[in-house]
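The structure appears below as structure tokens.
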């Protein structure tokens, strides 16, 4: 009998469960498709030099951490279902069913829905995992191949994870339902009319913001005290003073308000703070920009703390905007009678204002989460492209060996080795060497050996023949130099201006073997790896061989090109062997070995984990926001049913009611999403602007644009999904008899 | 006096072939302009169904209803909403005010739906509020005022479009006796001073005693009718109680 009741209930209320099923299905899909990569049965064709084990453990950890957010969401959706079904529970209980049985029935009903969602989610997940595989293969630089497969261990893990969470939450629900009084259940939809009072949330935020202002003021003053210099450019002056005067003025304003609060309402204070927060955010944002532009010395961590100030400012701005939104709409309504009394606008304004007033906190949190999610989406391709672009410029040779002299203080310690054991090790492992170049890096002036100040580190030099050998190994054209001529080789990260500035001021260079003139071909940025350059410099001189013979050799490097890539375990073995021979020392010359296999493996794996978990996290956050937005509207459905009923009785057409519903849902979804998109555009623009040189060097604007379009696509699809289902459910509720 | 509402042999059935319930069984009556008529009867006597049919929320199975000579049983579905907002005013037992709007906005809402020119709205709301003595609460929300005040706001909303007919469904049902008395005085004023035609459904004898004419329904048809004429309200009240005793059943029913 009960079995029949459950099945029939489930079938009948499948539309009521629409949101529940959609949310759960999306959760399962995401979980399954991302987890499938860590499956033991997952063997995409990515080549011998890769090892996926590093990846799968990190992936599992990342996914599980993010999935805890999902549990919270499932609980929230369950609460909504309980509220929706209370009347039904009441009738069953009044009829004599024990409350325990009612609760169990509900539990089984949700379990059925959950299992349906689980099944659909896994099916959808196998589709979606193709995208993840595509992402993985492109991360490892392999062509995409379709591989249809159900991974038994992932399926099992997914089923276990979700069944356990359904059961846990279900048991919790049983407890909740058993505790509700029958009379409260019966009257669930006859709640007292809500009080449209503003919440206490904003005053608390204001107090926190004041504390933040004090911190900002103190930081500003201490930076001014330690680092200010009158010779700095005007914009930097402005930055220093702005970071002191803006928080100071704002604090004075708050103090003044405390004395005058009877005259000026709290909203006036929030408006003032909003304007000041905009100013404070702009002035915090200028710090990293100016620091990078003028290489300002501001002490360690300054950029980071001002980035945090920037974020706090943004958060406060969003809070204030939401707090003021209802005021703005109210004043908009009051200002124009034409608007106020146009058709059913009165009703529409009433709906929006009352909802905004009672849910400022939720809306603000949703908006902030959306900003976080969109920013993650935006930054993710940039970081990812950055890392993999960096990898390309770094792992240019199969094996690179290098030494660094900057912890050595005696010229006698300087190395003169060809690292022959590397050759032996490779031969033992049947790795064929195609090309090999051992070379020295020289100091133009031997006296600079002791020059160890960060910003005046000497630029090193390489001999022409070694340089040409390296170019040849990379398959690039070689160069020629006349006697007493030199040229420069640049790291790709150096900007055009830096290069020009350097070339202009270094038309000649003084060496221990005489003065050299700059050649007409004065600069190259061939990709020769990052180990050619001295610390804190982006450039190396290329001198004729005759000159170099007379100079002090400080670093001894070697680049090897092998017939095929080193297998993963050979690379690890080589590294261990090398570390045994040349252990890292606190003083003296240090030696390092870099194999491209290892570099690619660790970078690609960590890069992929970062990319995948950021995408996963961002989508999960998006789903959470949209679900909560949708449920916010549906939770108050009984109120809405009553209100729209009154409209109908007053003689409003159905077409007008439909339009009102669409308008209301449009504002409800549009407001937080609009503000979030705006805020993340500002943030993203700032981010891209600040790192524009790295982005153009490692990623390229086109790829970035494609990524951003992709994000917009995902956002739009999810939004449409949720908007339409909310709309359907909303119409159902307000029309239900 | 002009006739405003004419009901001609209306019938309303519920259920299907084998099991038909006649909620209204051949009712005919007329209402003149400016009348205050109460419809009384026990639960299930058909009074709410009658009201629903007149208010076009429900349709009749047979017969005609004429409001100001227009046959409302023949109006197209699409036109009904417009007809309702232009010709009828409603007062409900549970007020049916919008909790998101202030009292004045609730009243103005009825005007905006009828597309009354914007500049007329505020003055008209103010004037109506003065008449019904709710000026001090105009800027308050429904949850901030008492039940009696809410119902007076509902009256103002029903009246503001000067509808041809005001339909009141148990207007005192959710009020305490003091508030009920005040509200009925208000409704009486509406009827006497503004010449509003009011049709009120109630099962309460005291409430009905404020009307000029009382129709008693029993099992879907008109049982009897009392006209107040020159009698005092107290006398009318007595008469109503007499009829109600009769309505409860005669001796044969308690055999």
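The chain as shown is numbered from 1 upward.
Glycine too: its Cβ is placed from the backbone N, Cα and C atoms.
Where the annotation comes from TrEMBL, it is an automatic prediction and has not been curated.
The transmembrane segment annotation in TrEMBL covers A:17-38, A:58-77, A:105-134, A:154-174, A:201-226, A:238-260, A:269-287, A:307-330, A:362-379, A:608-631, A:665-688, A:708-730. Residues or ranges marked as domain 'ABC3 transporter permease C-terminal' in TrEMBL: A:62-181, A:618-736.
With a threshold of 8 Å between CB atoms, the same-chain residues lying at least 6 positions outside the transmembrane segment (A:307-330) that come near it are 198, 202, 205, 209, 212, 216, 219, 267, 270-271, 273-274, 277-278, 280-281, 284-285, 288, 349, 352-353, 356-357, 360, 363-364, 367-368, 371, 671, 675, 679, 682-683, 686. When Cβ distances are compared across the two stretches, the transmembrane segment (A:269-287) makes no contact with the transmembrane segment (A:608-631), since fewer than 3 pairs at least 6 residues apart fall below 8 angstroms. In this chain, the transmembrane segment (A:17-38) lies in contact with the transmembrane segment (A:105-134); the count of Cβ pairs under 8 Å, excluding pairs fewer than 6 apart in sequence, is at least 3. Among the stretches A:58-77, A:201-226, A:362-379, the one making the largest number of Cβ pairs under 8 Å with the transmembrane segment (A:154-174) is A:58-77.
Below 8 angstroms of C-beta separation, residues 19-20, 23-24, 27, 31, 34-35, 37-38, 161, 165-166, 169, 172, 605-606, 609, 612-613, 616-617, 620-621, 623-624, 627-628, 631 of the same chain, each at least six residues beyond the ends of the transmembrane segment (A:58-77), sit close to that stretch. The DSSP breakdown of the domain 'ABC3 transporter permease C-terminal' (A:62-181) into helical (H, G, I), extended (E, B) and coil residues amounts to 102 helix, 0 strand, 18 coil.
DSSP assignment over the domain 'ABC3 transporter permease C-terminal' (A:618-736) gives 111 helix, 0 strand, 8 coil.
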